[in-house]
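J.: Have a look at the structure that comes next, please.
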Amino acid sequence: MPRYDIVCCCLIGWISLYFAFCYLNGQRGKEWNCRLVTLTHGILIVCLTAYISFIDGPWPLTHAGTENTPLQILALVVSLGYFLFDFGWCICVRTEGPVMLAHHTMSIAGILLALGLGKSAVETCAVIFGSEITNPLLQARWFLRQVGRYDSLWGDAVDLLFILLFALVRVGVGGMMLYCELTSPRPSLIMKGGGLAMYTLAWVFMVDIAKFACKKSRTKYKRWHEMCKLGEVNGHTGKTE
């Protein structure tokens, strides 16, 4: 069973970090400081779940539904505390839409199930790794917008890397993970259903990202085309003079 006292400690820890950022960055808004917490969680949990999945083991593609290890439980509890904090913050401030709230709800439910069942933490950690690996890039994109540096090479690089990582990891590797989850006899039916729901949500995000990528590509091409025409006009004017 999950240790609710430890979960509460993690929740208090994330809330305390948020208020610490608010104190240190008093000139910034609430969302700036909340996103700093999100960035901190993203980096921390990606490193921790990467170590669990690739070094500590077992391998999530072959051991789905196995008993939870202490390190896996630690990662889930840390992440659960964060998702509870961020879900509450989103509800209070109303900055996110229904899709992101659904993502947080499913994440919380999935972690609670893995902790309550005492198994399937290995694939849950893998799902968290895949879900959070693009998160630092998402936050970097927002921060670049806030400081007026998004319309630069940095903004283009962040967007390109975000799209590639999302498609490769969350959709590509995520599809392999879902197949292994559904075909393995060990995971419970409810965990399989949760995995299917998370993967479906990943495709909802992927469609939105594809639309954004097409729109940005068209805008970039139009801007480049206009600059070329302007260059030709300037060149023609210079020759005439």
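Positions of Cβ are set from backbone N, Cα and C atoms, glycine also.
In TrEMBL, annotation is done automatically, which means it is predicted and not curated.
Values in this document were obtained by computation on a predicted structure and should not be read as measured data.
Relevant sequence annotations retrieved from TrEMBL are reproduced here:
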| type | residues | note |
| --- | --- | --- |
| TRANSMEM | 6-24 | transmembrane segment |
| DOMAIN | 27-216 | domain 'TLC' |
| TRANSMEM | 36-54 | transmembrane segment |
| TRANSMEM | 74-93 | transmembrane segment |
| TRANSMEM | 153-176 | transmembrane segment |
| TRANSMEM | 196-214 | transmembrane segment |
J.: Using a Cβ cut-off under 8 Å, which residues of the same chain at least 6 positions beyond either end of the transmembrane segment (196-214) come close to it?
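T.: Residues 99, 102-103, 106-107, 110, 127, 131, 159, 162-163, 166-167, 170-171, 174-175, 178, 182 contact the transmembrane segment (196-214) from elsewhere in the chain.
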J.: Counting only residues 6 or more past its boundaries, what in the same chain has a CB within less than 8 Å of a CB in the transmembrane segment (74-93)?
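T.: Those are 2-3, 6-15, 18, 30-31, 34, 37-38, 41, 44-45, 48-49, 52, 68, 100-101, 104-105, 107-108, 111-112, 114-115, 121, 124-125, 128, in sequence order.
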J.: Give the nonlocal contacts of the transmembrane segment (6-24) in its own chain as ranges (CB under 8 Å, at least six residues past its ends).
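T.: For the transmembrane segment (6-24), the list is 30, 33-34, 36-37, 40-41, 77-78, 80-82, 84-86, 89.
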J.: Summarise the model's confidence over the domain 'TLC' (27-216) as a mean pLDDT value.
T.: 91
